[in-house]
């Protein structure tokens, strides 16, 4: 291994920069050159790429987003697009590819590997934490902390005349952010796509909380479970409570990466380089039970991990 | 002056606790007793009130919200309600009243003073910064920083495929939060209730920005100017850009108060006590040109201050 | 189990409140009453304790420190002190005790259990993360994020004329905070009590970094390894660089608990209640490989966990 | 005015980037070219400079520090050094110079103007807020918030066995940071270079606070008043209290700039460009009573502003 390529793909996640930094520094430590590929597979096809050195990753460890930018590329889903990317592999002398992203990005990497034989290693970078083969994905901890920060602030403003707050968080198919942030933030109810819910039950709980003297209630809604604005409207109709809605949107992706995400990113990025050095391919690095491990991409792709039922039950018990 | 009452009223604002603390400590310093009145005028009518001491305000200086809680009271708008409050004034031996709140709260205080003769001093506490007689209101600086924090995070996630972000902020009648946060955050466009806007012009600007290589645009919308979700929809229709919407909602009110808000709150709260000691009434304390001053409530009520045209022009110039 | 007692002991850690909240709510959920004991074993001996309900733990989930306060009690190290505590166990009808703290606190709990037979369960709450039987202790993640926040700010101010920053962090016997924060923050050197170091080597590295164009270097020093001020002085002597020293001190313990610490605290607190309900005693709850597990206090006490050599090596590789 | 130069000089301050951005954008808006000069007067002498465009200042509004870097230059204090800088003025076609910095930087600018006739405008950027002619300097509000954030965290950890915290903050000649942060943070005592203090009095106050039930005390020390470590030692000797010391050091300079600092920076930077366009020279822009004003550098240099006695008295009253 004398030269590797690295790209970030799909939705960006805070900590991706820490991972790029680890890839570059680990590679340079072992005398390997690094080609940084911009805008995910789009830049890979369009040769928007170039060498990286220690200076390229100076002072990025604490920046959200990704200095390599990211994109979703339709062309890379076609054999023609991938053939163009392969031309760039040859042109830039890349002997292995590290793809930081999520399920869709890994699919592209795996197909690319099968078609063109180039070694690929995936690094799970997505705020949803729904990738098989790893307990945590890069960006999840920061996203959860961003939501919890919003809950903290909303708690402060709780007053007798504004009783119910609905906060819509990210998660089209995954309730992980809502569940973790709801448990950490002490939400009264957590609505996630994985578990059916009934707004009338939620309203009964609100009403009994008020009777018991509760000054305010916070309801977290994953975007894949319901629209925060709709939930707010219905609660208002069912209870008469003044219900305020917050939609956090993309601010969840950003922000200074948490220490946890940075350490995870450093460990996974360094391991990805090691795997390429050892001649591995078609694998994803992940952390399981605290250890950095590698899993075949075939066992990862299309097999999103599910939420923890234990945590869901715990959140329910603690929100009495 | 041997005993004064203090209450927070209307929408809560971060820094109100710092103000309560200053009122209590300043009063105690001068040997004056303090009665804390809960839930604004509601608690005033219902005698939900009691003595405060140094311990009552220990470790609240850095808490958002208000330990006295706040409410909007319809009963206090009636002579009967105010008569009940006056009974409590007598019962608790209150010789002067400090009202921390906004325009509506001051109206109540002023009428109460006229009807019952009790000295009242207003302290401007509202996130909107639209009170005449003061350059700043308590809670505004924190609210603006909360919005700017959201913009910071959204900036991080700017990528080639997600170009336009719409952030709806508070301000039904006032564009102050949107304007200050937009200037501080480097927003491309700022939509406020005070100034007519044209979404087609805004989209033209977006398009020319993209042509020039701009990777992303942030549009701040005061809730009184338009619905963030509507603006997002229309921009998407007019430009085809993937437009993401964030609605910050009540998190703007909360959060740890900024240093600026705490110092403002301390100065205004202490001055309010001084004014009562000097026999003043029907006045609001405020800060003008860096000095703490008193203005007659008659010059304040119903006369919201307007936005700074200079700052609006500056925001435009800097967003080229 | 009809009534349990809970206390926090030793150095406080952010997240202890989230744990107290979980203990109280989990217990109430199962119909168990909770007695909150103030100031650790001191309040236990002095009967500074009383019943807790849902209201006792309202709005504490996001507060640093511990509402039960904490202390180190010399009297509890004596049979007489423990006998007094046992009188309070009887007086308040406590049938099981949950101790949130570190190694010293667990020793007290274990001896108390042996002498008086009352079931005790330990919950690891200490910023040092050096307790056997758990991968993480409550407060560690927040402490590391506090240090990383300081590093972020110091990075911003890096300029050509101020090249070297020394940051002293907590850790008398443990380098965990320094190591994790150093890896997350991208420190050039990390000095910890577990591993011998040589300031001349560190200075050589600084000098070669400067030669290579590095604008600044950050050196983390665990208080148990060296004095930050001494290290600063010696680096200045050896290199001539203007070296600035920050000593973070107790701010590392405080701050709003991170999402990670709150979730950990909730899980461990709830599990502690479950263990008491199941008739267990003399155990510590912990998280291993993502699972909440129980370990005999005998396997925990006096057996501090050591730093991760892998992480130390990784930090070295990435700081080239 | 067709081309202006801009540099940052002296100690860096958070918000300098927002100011650079405003200078560049305001100039470009008016068709003026901008030359960015690196490392203050050092880069000015060494021709470390080049054109800036909109892209140069993209996404810097929220970064601490200064993208132009800063330095203290001894050569610029000599006529020879300034002559070399003048050669670069001619070489790069600079017709006016904007210097963002403090007193020393303004002295250099003023002498340079007198010797070589080139128009110069100063912008006050220093965390100390001790420049005449302006109510606020860029970086002060952020620095104060950084200190207050530390106080917040230390408050959390206040417990019965750790009563006294000493926090050393910046300010060799100025107590402004200590005074504002102390008032905002509710410090019990504030030690500043401008006002003599007596540690025995401070200890008496500590002791009477403890008697009254105060759980903890926070003492802020400006570095110019005393050494935090020394103060800690003496308090421990005089009272026997366990006294913990934090030295914040350079983290005060950094961090994401506050909204206040960014707005101030935008207004002052834009005004500096306007002044150059109007043919002004040898002036400093500042904000007084909320208005952006210009003051002759002759009235600014060597005349540091003093602390507010009112605020000092208020801090004393509120710390009873």
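For all residues, glycine too, the Cβ spot is worked out from N, Cα and C.
Caution: TrEMBL annotation is automatic and unverified by curators.
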TODO: According to TrEMBL, C:21, C:22, C:23, C:24, C:25, C:186, C:187, C:188, C:212, C:214, C:215, C:216 bind ADP; identify which of C:72, C:155, C:253 is listed for that same site.
DONE: C:155
Open item on the list: Starting from the substrate binding annotation in TrEMBL that includes C:126, C:127, C:128, C:163, C:170, C:171, C:172, C:244, C:250, C:251, C:252, C:253, which of C:194, C:223, C:230, C:274 is the extra site residue?
Closed with: C:223
Task: Binding-site annotation, TrEMBL, ATP: partner of C:72, C:73, C:102, C:103, C:104, C:105 in C:5, C:11, C:15, C:175 - done: C:11
- [ ] For residue C:172 (substrate binding site), just give me the three-state DSSP call.
- [x] coil
TODO: Give the number of CB atoms, excluding that of residue C:253 (substrate binding site) itself, located within 10 Å of its CB.
DONE: 28
TODO: Name, in order along the sequence, the binding-site residues among C:23, C:72, C:186, C:214, C:251, C:253 with a Cβ closer than 8 Å to any chain D Cβ.
DONE: C:72, C:251, C:253
Open item on the list: Between the Cα atoms of residue C:170 (substrate binding site) and residue C:103 (ATP binding site), what distance do you get, rounded to the nearest Å?
Closed with: 17
- [ ] Sort out for me which one of C:73, C:105, C:126 has the most neighbouring CB atoms within 10 A, since those are the binding-site residues we care about.
- [x] C:105
Open item on the list: Which binding-site residues are spatial neighbours of residue C:11 (ATP binding site) here, meaning Cα within 10 Å, out of C:23, C:186, C:251, C:253?
Closed with: C:253
TODO: For the recorded ATP site, whose residues are C:11, C:72, C:73, C:102, C:103, C:104, C:105, find every other residue on that chain with a C-beta no more than 8 angstroms from the centre of their C-beta atoms, and list them by sequence position.
DONE: C:9, C:10, C:40, C:101, C:108
TODO: Would you mind ranking the binding-site residues C:21, C:72, C:172, C:216, C:244 by how many other Cβ atoms sit within 10 Å of each Cβ and giving me the lowest?
DONE: C:172
- [ ] Among the binding-site residues C:25, C:72, C:104, C:170, C:186, say which ones reach under 8 Å of chain A by Cβ distance, listed as they appear in sequence.
- [x] C:25, C:186
Open item on the list: As a test of reading the model: what is the averaged pLDDT for the domain 'Phosphofructokinase' (C:3-276)?
Closed with: 95
TODO: Write down the Cα-Cα distance for residue C:244 (substrate binding site) and residue C:102 (ATP binding site), rounded and given in Å.
DONE: 33
